[in-house]
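> Quick one: this structure, given as structure tokens, is what I'll be asking you about.
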Amino acid sequence: MSERKYFGTDGIRGKVGDSPITPDFVLKLGWAAGKVLARHGSRKIIIGKDTRISGYMLESALEAGLAAAGLSASFTGPMPTPAVAYLTRTFRAEAGIVISASHNPYYDNGIKFFSIDGTKLPDEVEEAIEAEMEKPITCVESAELGRANRIVDAAGRYIEFCKGTFPNENNLNGLKVVVDCAHGATYHIAPNVFRELGAEVITIGCEPTGININDECGATDVRMLQKRVLEEGADVGLAFDGDGDRIIMVDHKGLKVDGDQILYIIAREALRQGQLRGGAVGTLMSNMGLEIALKQLGIPFVRAKVGDRYVLEKLQEKGWRLGAENSGHIILLDKTTTGDGIVAGLQVLSAMVRNHMSLHDLCSGMKLLPQILVNVRFTGNHDPLQSTEVQQVAKEVEAELGGKGRVLLRKSGTEPLIRVMVEGENEEQVTAMANRIADAVKHVG
């Protein structure tokens, strides 16, 4: 695979107004993608976005570029990323494009693509798009220019799809649910899904202004959700990120339930129902407690590199159906083609209803080991992870853990960050260890 100039682990992302997230770049990206995708026959593209104010500008730029290449665009308006993947499949479009920076602040944005089957674009297609970017824009003949239209019932279609993943014989009657949509793309979808299935729904983070997405709310900050669940005496809280492909939950005691615990609940329920195919895929960041708990159930577990696309690749390689990141990307291949927060949440609620158990009790079979993550920002083009000083400190910490924990250092695929993770039996000890390594990274970074 050749070195990428623009595409990262999750499409193209950056600060709006800085290269590459500028109107002229995105217009050219639309044209280059159009040229590559037009070779495959279909000339229809689905375009969705989250609630960032910059989405309008970037949507227009993409449309212009695609039209110049002869491709037509169908707009969904604000729509979760997994909804765009679903609509791309059902409309038999050549590709889907999502304008979103997921869990990042409003001033960032990004572009990611889905192929005709609702999965991320293969590497070779992304590389072909990058190659086209180096060429000057040429416009097709006027009669061949692309058109644009809106999919008026996009939200309703996706709501029905989500509800269809919940068992017909069950409902959410009598369940009090707090839903935090991060002022993002699920704001007009998630509350309706849970309400229509019978739950009493209390909403927070459902008033997008274009600049409040992910602002002290949603899957990356559940403090407000925890507070509200306790205040309302709710049975459960569900928090989505800005584009709806992640979920973090909160139990009735106000305790956070992360992606590892959600994967455990769904895998155990699939085993109980005789529907588990193979095992489960986590990542290098998955808690050792998940691995131990699944092993006790006899469920095979393997780790992929961090990033939902790598979880998906590992699932396809193994022929398995369940995978997750602890950050809340849950992939259920018997129901969806990508991480889907709403669908994952429904499977957990289904397990609660079916077993007459609280979320707290469903988690009780798994004990999370203390895991400390420290993000260290770095500048320049050098890689702090190549530093002998950093490597030496990491080696010392690993020796001190003595096989009863893990050290993981990695570069973020979307931001100039080094992520330092230390896991072990004693929280105080692993916190000190993580800070020790982080200090070494800061020193060289």
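The backbone N, Cα and C atoms fix where each Cβ goes, glycine too.
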> Which residue of S102, S115, S387 does Swiss-Prot report at the same Mg(2+) site as D241, D243, D245?
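It is S102, as the record lists it for that site.
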> Relative to the Cβ position of D243 (Mg(2+) binding site), how many further Cβ atoms are located within 10 Å?
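35, counting other Cβ atoms within 10 Å of D243 (Mg(2+) binding site).
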> With every protein chain in view, how many other Cβ atoms are within 10 Å of the Cβ of D245 (Mg(2+) binding site)?
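Neighbour count, Cβ to Cβ under the 10 Å cut-off: 33.
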> State the Cα to Cα distance, in Å, between D243 (Mg(2+) binding site) and S102 (active site, phosphoserine intermediate), rounded to an integer.
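Here the two Cα atoms are 5 Å apart.
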> Taking the center of the Cβ atoms of S102, D241, D243, D245 at the recorded Mg(2+) site, which other residues in this chain have a Cβ no more than 8 Å from that point?
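Output for this site, in sequence order: D50, P80, T81, S100, H103, G184, A185, A219, F240, G242, G244, R246, G339, G341.
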> Please list residues from the chain of D241 (Mg(2+) binding site) whose Cβ is under 8 angstroms from its Cβ, counting only those at least six apart in sequence.
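In sequence order, S102, H103, A182, G184, N214, G218, A219, T220, G328, G341 meet the Cβ cut-off.
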